[in-house]
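The feature active site, proton acceptor is assigned by Swiss-Prot to H18, with similarity to another entry given as support. According to Swiss-Prot, the feature active site, charge relay maps to D115, an assignment based on similarity to another entry. Per Swiss-Prot, anthocyanidin binding site is recorded for H18, G373, and the stated evidence type is similarity to another entry. Sequence annotations record features per position, and here Swiss-Prot assigns UDP-alpha-D-glucose binding site to T136, V333, Q335, H350, S355, E358, D374, Q375.
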Amino acid sequence: MKSRPLHIAMYPWLAMGHQIAFLHLCNKLAIRGHKISFITPPKAQAKLEPFNLHPNSITFVTINVPHVEGLPPDAQTTADVTYPLQPQIMTAMDLTKDDIETLLTGLKPDLVFYDFTHWMPALAKRLGIKAVHYCTASSVMIGYTLTPARFHQGTDLMESDLMEPPEGYPDSSIKLQTHEARVFAAKRKDTFGSNVLFYDRQFIALNEADLLAYRTCREIEGPYMDYIGKQFNKPVVATGPVILDPPTLDLEEKFSTWLGGFEPGSVVYCCFGSECTLRPNQFLELVLGLELTGMPFLAAVKAPLGFETVESAMPEGFQERVKGRGFVYGGWVQQQLILAHPSVGCFITHCGSGSLSEALVNKCQLVLLPNVGDQILNARMMGTNLEVGVEVEKGDEDGMYTKESVCKAVSIVMDCENETSKRVRANHARIRELLLNKDLESSYVDSFCMRLQEIVEGI
């Protein structure tokens, strides 16, 4: 089969973690001669532009996000709202459907990549475009919660069902705690935009795709991808690790200067992504746990629920006690550059797939502190299956962590003489070496491009 340059449209979920993940894949596709039309709102585009390494091949196409009642006037992505308002962002994204159809009709791409827009496959089929579901969540998560073995539209998922993996699942050691299963079961009844149930939206998006793609490699998630392929009776491909190219900007001076004042590998960096808003009590336990380590730390976290700023949420006397060694910041940060800074030795992560991809190719040790959704099963895979990090202990019933449990996990991974730390460091180093193998990455992307050609040609 003779290959030709493809025209690919991208319309990811309006969360920066998803947007950046899609754009990193675009960079890999652009190197191989493919043309990309990346559909995104203006505020997201401004943040994405430094990550566009091939502007001659990757074009941003602006989409206006309609206002939905309950959202701030200028809300365009999940970074602009608290977690409870994310369904309204989804509703706003659904309301762009007609505009997307108009854009795709004019652009005439060969394929469209999507994730949360369950209506995309039907729209694409009507226009003669192939639909690729590009999943930034791990196949571990999708296999556990959304395959036909687990999921039936219109039926409830009970808490007891979710405590154990579904029949045929590749790893019986990956399980949910009581409080996690309770939340997953309750979410089965939750709508997520436009009065569509969250699980229905995700299941339809998967079930109606022409191709299912995962940002991973088979060396790490192969059995889970095979399981999903059998369950949905669809082709499932890995794009490879998609190692992030460095952004074109330098680290902001306030962070580079601050980090530069500490010894190599000594700083604990904590970040929970653009979507996570902690409850006040968990925010307090987190920052007090960081203080308790006695180590220098940089925490990039949003203000907790009910607070306008992180400064107003600080415990009394905290800022004075950690002055000179503690930096709590409430805005968006250049995480990729921070993780690569030589002073950073530990990363407390919420276990979002994007953050884990960035972390695994750096040398910082991982402390796993998942919050919601796929983060939980990502943490199990990283902590239990791959053993590349230590998960913060939480109460089985209430899911609460304490300052002591935060401090304990950090202390374990930062102690070079601890047996758990030795094992985690060795496993992390092995996977890092695997992921940084440029031949591995290149072969995956080449194979992925070939599969896209086959889908377009109907092979």
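Each Cβ is built from the backbone N, Cα and C atoms, and glycine gets one as well.
Overlay of Swiss-Prot annotations on the structure.
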residue : record                           : Cβ within 10 Å
H18     : active site, proton acceptor     : 25
D115    : active site, charge relay        : 24
T136    : UDP-alpha-D-glucose binding site : 22
V333    : UDP-alpha-D-glucose binding site : 15
Q335    : UDP-alpha-D-glucose binding site : 21
S355    : UDP-alpha-D-glucose binding site : 22
E358    : UDP-alpha-D-glucose binding site : 24
G373    : anthocyanidin binding site       : 19
D374    : UDP-alpha-D-glucose binding site : 20
Q375    : UDP-alpha-D-glucose binding site : 25
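Secondary structure at H350 (UDP-alpha-D-glucose binding site), as computed by DSSP, is coil.
For V333 (UDP-alpha-D-glucose binding site), the nearest neighbour among the listed recorded positions (H18, D115, G373), judged by C-alpha distance, is H18. In this structure the C-alpha atoms belonging to the residue listed as 'active site, charge relay' and T136 (UDP-alpha-D-glucose binding site) are separated by 8 Å.
DSSP classifies V333 (UDP-alpha-D-glucose binding site) as coil under the three-state reduction.
Binding residues for UDP-alpha-D-glucose (T136, V333, Q335, H350, S355, E358, D374, Q375) extend across at most 22 Å, taking the greatest CA-CA distance. Counting Cβ atoms from all protein chains shown, H350 (UDP-alpha-D-glucose binding site) has 24 others lying within 10 Å of its own Cβ. For the pair E358 (UDP-alpha-D-glucose binding site) and the residue listed as 'active site, proton acceptor', the C-alpha distance works out to 13 angstrom. A separation of roughly 21 Å, to the nearest angstrom, links the Cα atoms of G373 (anthocyanidin binding site) and Q335 (UDP-alpha-D-glucose binding site). Reported as a whole number, the C-alpha separation between Q375 (UDP-alpha-D-glucose binding site) and H18 (active site, proton acceptor) equals 14 Å.
A distance of 15 Å separates the Cα atom of H350 (UDP-alpha-D-glucose binding site) from that of the residue listed as 'active site, proton acceptor'.
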